[in-house]
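> According to TrEMBL:
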- 129-146: transmembrane segment (TRANSMEM)
- 152-173: transmembrane segment (TRANSMEM)
- 194-216: transmembrane segment (TRANSMEM)
- 222-240: transmembrane segment (TRANSMEM)
- 278-299: transmembrane segment (TRANSMEM)
- 311-330: transmembrane segment (TRANSMEM)
- 342-362: transmembrane segment (TRANSMEM)
- 410-433: transmembrane segment (TRANSMEM)
- 445-467: transmembrane segment (TRANSMEM)
Amino acid sequence: MMEEEESPTVKGQEECLTVNHGKVYEETETKRGGLCGLLSEPRDWFRMIAKDTHWSFVFGVVVVYGTSQGLGGGIGKVASDYYWKDVQKVEPSESQIYSGITSLPWMVKPLWGLLTDVIPIFGYRRRPYFIIAGILGVISMLLVSVHEKLHIVFALLSFTAGSAGAAIADVTLDACAAQNSIIHPSLAADIQSLCGLCSSIGALLGFSISGFLVHLLGPKGVFGVLCIPASLVFLVGMVLDEPHIPSFSYTQVYRKLINANKSMFATLRCGAVWRPCLYMYLSLALSLNIHEGMFYWYTDPKAGPAFSEENVGFIFSFGSVGSLLGVLLYQKVFKDYEFRGLLFWTQLLYALSGMLDLILLLRLNLAFGIPDDFFVVIDEGVSQMTGRLKWMPLLVLSTKLCPPGIEGTFFALLMSIDNVGIFTSTWGGGFLLHFLKVTRLNFDNLWLAILIRNMMRLSPLVLLFLVPKSDPSSPILPTELLKTKESGKTQEDENIELVSLVRSTQ
């Protein structure tokens with residue numbers, strides 16, 4: 001990892017010229033070793049990304065992915081599981097279906113992408129949408145927290161509104177990540193690793209304290225705490241340094257929407273694009289999600305190991321450690337591997353890791369003298385690590401499929417396809433639990449649900465012919481899709497905090 005120039009007078013340093021992502025820098029390389037070198041490498045990596053993109057991009061990633069989605073998502077996941085189970089007292093299959101409903105805003109990410117790309121509010125393209133996202137998050141969490149007997153319909157609406165706020169904030173950073181990946185092709189894997197790293201660290205912290213918060217405050221009290229991450233998203237909208245567009249012509253909005261849609265459909269008709277999109281959807285949809293069935297079994301005092309709130313948070317925190325290890329493994333070892341080969345092995349490992357759930361459910365671990373508390377954290381860590389390893393190349397592949405000019409909208413479209421796959425997986429798992437009659441008190445057929453899920457995870461292996469063999473540093477789009485119109489301003493002249501993906505109409 002290259003280091004930036006610190007001081008020409010420091011001893012033990014040697015001057016060198018290095019080429020970093022197409023730019024020549026005069027740098028000072030310090031000879032470090034041991035613990036100091038290990039600690040300085042992540043710092044230098046962050047500084048390298050911040051210098052090549054912009055510090056505000058890294059700041060936005062930390063706030064939205066790390067604090068809101070990571071920390072808040074980790075706390076909210078455990079709280080919502082207990083909320084549906086203990087407050088609303090629904091069945092596992094119903095909880096699974098409701099979880100899918102609250103994810104609906106993530107499936108219309110192209111809508112949020114179009115809005116932020118072509119429709120400024122009061123002369124700003126980014127700031128108002130962060131503010132709206134923060135307001136939605138705060139109001140929805142407060143409503144669930146303070147209402148004594150909230151009807152299940154209004155609870156669903158509140159959770160869906162909070163999910164919409166998170167999706168709106170997410171789509172802006174998705175756009176920035178996509179464009180920075182195109183501007184700096186060699187940074188594509190690093191940018192996605194940064195996003196995954198912030199998300200994993202935030203989730204680790206969130207899950208680590210989630211059980212204690214649920215135990216101390218109850219599920220409803222925890223949602224009051226979740227107003228804080230939403231407020232930080234609001235703060236991003238308040239402090240973001242973005243140029244004002246006073247002379248924007250709203251009569252141009254319709255034309256821009258038509259042009260954006262034409263560009264999207266033209267890109268989707270390209271075989272190099274729709275084939276990977278189809279694989280991404282099917283690989284997620286076929287991996288059925290039966291999380292709620294396992295959660296209800298975890299906490300059942302008779303059929304299951306009767307884990308407490310603290311234990312559940314501790315288990316999920318180890319899952320975040322596994323997810324973080326997956327990001328680091330991808331960044332250090334696998335980021336330069338070609339897509340098809342890497343997806344084959346990660347999908348295979350993902351399917352095999354699901355067998356750990358079956359071993360735990362049948363209590364075979366006890367036959368080998370391995371206690372439930374120890375085995376379940378290994379199970380969760382391995383499952384999340386293999387899941388993240390499978391997910392990272394799909395994210396990088398998505399950034400490589402975005403044509404210039406509509407990066408935000410098209411990347412949002414790709415992510416919505418992925419979210420439709422996750423939605424299909426969630427509802428499919430819910431219907432499977434219902435069909436097998438897995439309830440709050442009956443887990444007799446849960447082993448069969450796990451076995452069917454694991455077999456379904458192997459099915460995407462026969463679809464890998466849809467994925468290109470190229471590696472992350474090679475272009476995937478045809479040359480004609482990479483051409484952009486001439487612009488009166490160069491990119492270096494546009495000093496924008498979060499890069500506007502569509503130029504303003506004067």
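Note: Cβ is positioned from N, Cα and C throughout, glycine not excepted.
What TrEMBL says about a protein is an automatic prediction, not a curated fact.
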> Quick check: do the transmembrane segment (342-362) and the transmembrane segment (194-216) share at least 3 Cβ pairs under 8 Å, counting only pairs 6+ apart in sequence?
no
> Find the member of 152-173, 194-216, 410-433, 445-467 that has more C-beta pairs under 8 Å to the transmembrane segment (311-330) than any other listed stretch.
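Going through each listed stretch, the top one turns out to be 194-216.
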> Within this structure, do the transmembrane segment (194-216) and the transmembrane segment (445-467) have 3 or more Cβ pairs under 8 angstroms, counting pairs 6 or more apart in sequence?
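Judged by the Cβ rule, the two regions do not touch, with the required three close pairs absent.
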> Mind checking which residues of the chain, 6+ beyond the ends of the transmembrane segment (152-173), have their Cβ under 8 Å from one of its Cβ atoms?
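57, 60-61, 64-65, 68-69, 73, 80, 83, 88, 90, 98, 101-106, 108-109, 112-113, 116, 126, 129-130, 132-137, 139-141, 143-144, 195, 230, 233, 236, 408, 412, 415, 498.
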> Using a Cβ cut-off of under 8 Å, list the residues of the same chain at least 6 residues beyond the transmembrane segment (129-146) that approach it.
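Apart from its flanks, the transmembrane segment (129-146) reaches 68, 83, 112, 115-116, 121, 154-155, 158-159, 161-162, 164-166, 168-169, 172, 220-221, 223-224, 226-227, 229-238, 240.
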> Give the nonlocal contacts of the transmembrane segment (410-433) in its own chain as ranges (CB under 8 Å, at least six residues past its ends).
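Hits for the transmembrane segment (410-433): 92-94, 96-97, 99-100, 103-104, 106-110, 112-113, 171, 174-175, 177-178, 263-264, 267, 277, 280-293, 394, 398-399, 401-403, 449, 452-453.
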